[in-house]
Structures are given as C-alpha cells and as structure tokens.
Amino acid sequence: MATDHTSDAPDPKQRDLESARFRRDTGYLTTQQGVRVDHTDDALTVGERGPTLLEDFHAREKITHFDHERIPERVVHARGAGAYGYFEPYDDRLAQYTAAKFLTSPGTRTPVFVRFSTVAGSRGSADTVRDVRGFATKFYTEQGNYDLVGNNFPVFFIQDGIKFPVLVHAVKPEPHNEIPQAQSAHDTLWDFVSLQPETLHAIMWLMSDRALPRSYRMMQGFGVHTFRLVNARGRGTFVKFHWKPRLGVHSLIWDECQKIAGKDPDYNRRDLWEAIESGQYPEWELGVQLVAEDDEFSFDFDLLDATKIIPEEQVPVLPVGKMVLNRNPDNFFAETEQVAFHTANVVPGIDFTNDPLLQFRNFSYLDTQLIRLGGPNFAQLPVNRPVAQVRTNQHDGYAQHAIPQGRSSYFKNSIGGGCPALADEDVFRHYTQRVDGQTIGKRAEAFQNHYGQARMFFKSMSPVEAEHIVAAFAFELGKVEMPEIRSAVVAQLARVDDQLAAQVAAKLGLPEPPEEQVDESAPVSPALSQVTDGGDTIASRRIAVLAADGVDVVGTQRFTELMEQRGAVVEVLAPVAGGTLAGGSGGELRVDRSFTTMASVLYDAVVVACGPRSVSTLSDDGYAVHFVTEAYKHLKPIGAYGAGVDLLRKAGIDNRLAEDTDVLNDQAVVTTKAAADELPERFAEEFAAALAQHRCWQRRTDAVPA
C-alpha cells in the first residue's frame, strides 16, 4: 500500500486532494447513502432456500455498481503508471522568453502529476513490449493547469493528424482476429510503414533500444512538437522541451523484455512504485531548445514537422529546472486512470505553432475525454482539478460536482455585478501572427525529406546499438507473413542506409536491395546515442546475491553495506524464500526471495556469495546456475568472491577468474578469492564501476545458451 503521507507538509495540490480522500481501514461499512449495514455476505431471501428479494437495496446497490465499474480504456496509452511530485526552476533565465511563472520563479515548487505509459497495448498488456512510451506531465500552476503531453521519442510517425486513426489501426491488433497484442511485429503495421516513408525516422527509434527502457526513471521525455514561448511583451520564441533523467538513459535487451513480460508483466510500474516507496525519488532535468522566430527557416527541415528533431549540436539544450516524483497515488483508478491530459491545456506564456499534428491533438484529446470520463465535467475530478481558482459560466452536464451560486451564468451581465469579470493582467493571450494563403490540402516542400534524419539517427548509433537495430528489424519483419511487405520495407531502408538494408535483407533471406543514391555525408548527432553516454551512479540498481546454507555471512553483509552506501538495492536470493540462512562460520543471513520464483532479468547484476557448502548447493541447482548464465548472456555485471568463483565456472563463464585474493575485473566479471572480513573494498569498487556502465557491451555472448 502507499506510504502514509498525511504528516508531510503538503503542497497545494495535496491539500486540494485531501477533501476527496477517505480511509477504508477505519469506521463502519455503509451503503452509498451512508446507511450502516450489519450483514453483507448473504442477500435477503424468503427463508433459507427461498427466492431472493428485490427489496434488498444493499445487494442491488453492490451488484449495480459492480456492473458499471469499468470505463472505456484509452484508445492509445491505455496501460500506464503515475506519480505526484514537483517541478522547480533553477533560476529566472526564461523570463525574457515566457510569461509562464512556473518556469521563471526560482524557489517555487509547482505540483505535478506524471503518467508514463505504453502506446499500442491494452490496459492489461505487459510493460516491457517494444513500443513508444508516453511521458505526460500535468503542472498544477498558480496560473492554471499546464499539460506537457510527451513521449520518450522526440519524433512521431506521421506529420499530419489526419493520419492518426490509420496509424493506430495499423499498429493495433488486426481486426479479423484481434492478434497480436501490444506488438508492432505484424503485417498491417509494416504494410503501413512500407507505404508511408514519413514514418521512417520514428521507426528507427522504435527499432532502437529507446523502445525498451530499463525503467521509466531511466528514460528521456520529449514534447515532440515545436511550441512557442511568449513573453510579457507578446514576443514569441520557438521551443522544444526535453526531460533528461538523473539516472541516465538505459534500456533492457530484447531477450530480457520478452522474458520479463512473462516473469513480471508489471515490471516498469512496479519499479516506479517501489523506488518512490523506498525514498529513491526519480528526478529529471527539464531542458529547452530555443529558436528565435527570425531563424525559423534556417534549418534543412521544417520546425513544424513532428517527424524531425533539432539536433542538439545545432541548438544546445538549455537546462532550466528539475522535476522530482515523491509520492505514489492512493488509488490507481481515481488518479492514474482518471487523469486527463490535453495538449491544449496551456498557461500564459506558452502557445502553439501550426504543427499539423499538434493541431489535431488539440482537438482529439478533449474529444476523447468526453466519452472516456463520462461527460464535460471531467476537469472536476480530484486529480484533474487546478489549484488555481476556477470560475466559469459553464454549468450542468453529467457528474456536476460544483454548486455554483448566483443567478447569472453568462457574460456580459449586470445581475451578477459583471462577474466573473474579464481580467487584464496575468491572462492568456493568444500569440499574434499574420496568417494568409489559399485553402489547400498539401504539405510544404520542407516536410518531404523523410530519409535524412532517419539516416542521421542510424549513423549516430554506437556499433552495438546499430546491431540491435538490425536485429530488431529482422525480428519484426520475420513475423510478417506477406513476403512482398518484407521486401517493400527493406527497399525503404535502402534509402536510409544501404548497409542497414543489406544486413536486414541477409537476416531475412532476401536478396540485397539495389543501392540507392544516399547522402553519405549525412551528419551525426552524438547526443542520440545512449550507450556512449555511459553512467556514473548505481543508485536504485538491483543486485541479486545468490546464497544457501553455509554462506559467508560476514562477507555478504560487508558487500551489501558497501553497495547500499552507493544507493544500490541488494537482495539475497536462496533456494527457499523467507527465513534465514545458517552461516558457514556461525551467524544468520536474512533471505529476501527465492531464485526459483525470481529471474536474473529482474535484476541489474548478480553476485555469488562465498561459502563452500553454500556454493555446492547452488552448483547442484539448475535454477541457480541458469540464473548466473542468463545474467552473463545479457551482459550484466557478475561478481563472485571466495568459493563463489567456482559457481561461475559451473555456469560456463570462461572469462579470466581470480585465483587468489587479488581483485580481477574481466569484462565486468569481478572476482576475488578473498572472503569474510578480508573481502577487499576494491571488490565493491570494481563491481560498482561495472554496474554504473549498465552493461559490458564488449562481452560477446552469442554462443551462450540462455
């Protein structure tokens, strides 16, 4: 259950939510009308075996409410997880660009609610599918609610919102049999891609490791569109929004994703929840790319094109503030499911551009809430309520919670003293611009280069990231049944990069496509690679320590302490869950879980504890041996000390392993024969350094059977 935060000093939004909260673990059971009941297990009948009576209003209320508990799920982004927190600007450097106070008031913490999500799958689908991730943030500002409704990709698959229904129809389960669920690896999506080259840049992101985040806490977020900041004088500046995680950008491996989907389909939402509950609050830095209006046409692409990025090397990202998530919701449905984001929820100082995808989102998000949340009053739901004062002339409608007072509900009026009145300060004013032209159903020529940035993305990858992209295309297209679709996609890839197309074709058994005329001098953007960025922290990383009776208690406790000092989470896994293990030299070690019910894919690293009897038991257990082998195959740091080194040999790890008490680190396999109170701190240091790099990309494990 969620941590009890009632004693915390609440922010304005938490104070607002208090009026809607009630505790189920106190008081007496009542009906919806507040009538106490003394029996709820049997309906009212005539005698013990007679007919049930309709006059049992309590039973009818229970069943009727149950029958109506479900609401329509979101058409996209149905599966999600959310959390509360705050945003705080570093300084007032944006004051010259925007009138938005929450961006320009250092020391002011603006409450936020963030919802992360997958896109294609239904509400009950797995977290670790290959997909875009939603990253939507609701800022409860003093000037009203502002929603930054972004993704973990900076680009989208289409340029014009009129194509959104067909894109979603293509990626969703095919209509004749409702298969596959939460997957892009099927004919209709790739048929769409082969015929719509504007999708290719986003498809490159989808085939990359960016589509497989290790954690919501370890992925970037982007506003996708070019927005406009407007200052107090009405002057505009184009802006792109970026969220950068403090923990770095890290991903799972595709084989891990598929296994986690079965082992723990709630993997990402559980990770977010547990991190917040344990006080390891996720944090992101908000950055902006600013482009003066005079420079609108100085790029080789159109700023209004949502399938393009502004390379950070051309326009650096300016850090302007931080966001911290520090509270889990009290009720998933009431908060995470009923939260309603809308790209048109803006505040003074932030405005739109003529991005044709953004314009349709501004219509669609409001429209969809009307059916999903049962009418026009969804903004009154507790999670959606602004902390700013709300006074409108809109009234009535389903689920009206407010009780407006007074006779007038229109403007202008004299009966109500002219109120609610129009303000002349701190108001939203639409950006003033001249617009003229002929009515035409056509996109600008600057929108037509669909291959250049897709090529830039691929060329900016590290070798291992490029390998993963090739493998992803081969996997996805290998699931496509119609060979002509596979060939058509490969032909499109040839216009992105001939080597990419050739490698994918080879893996599919297709002839190498003819070489296309491509610009080999295409620029690269190092900022696009997440591997070259590395890492410098192991905070919240999960380490599994394998042990059994006879374990070296002193050495294990020492290692655990050294890792926890660095912020890692260490769990002892044994053949049986719970209880304690008897130490080989006395003492006991608490067991957290059993490795028979867990898996290496749920951890970032594995360590085998010392203790001859413990290691002997583990060596005879196929689960334990596979646990180590699988983690090794997935390039994770592996550690062993004392007799634990012997289990690595049993697991088939052929790296150089320690033969004495010196610490040896060979491709993130860290070993020493030292143990107990002689376990050197350098062992922990080397292991932590390897873990901070996330994986050892130099390790070749294709032949490892796991």
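Cβ from N, Cα, C; glycine included.
Which of 29-49, 50-70, 512-532 counts as region 'Disordered' depends on Swiss-Prot, and there it is 512-532. If you take the Cα of His77 (active site) and the Cα of Tyr365 (heme binding site), they are about 12 angstrom apart, rounded to a whole number. Beyond the region 'Disordered' (512-532), the same-chain residues lying 6 or more positions past its ends with a Cβ under 8 Å from any Cβ of the stretch are 209-210, 248-251, 309, 311-313, 451-452, 455-457, 459-462, 464-465, 490-491, 493-498, 501-502, 505-506, 697. Other Cβ atoms within 10 Å of the Cβ of Tyr365 (heme binding site) number 18 in total over all chains. A Cα-Cα distance of 15 Å separates Tyr365 (heme binding site) from Asn151 (active site).
Mapped onto three states, the DSSP output places His77 (active site) in coil. Asn151 (active site) has a Cβ environment of 24 other Cβ atoms inside 10 Å. Secondary structure counts, DSSP: the region 'Disordered' (512-532) has 3 helix, 0 strand, 18 coil.
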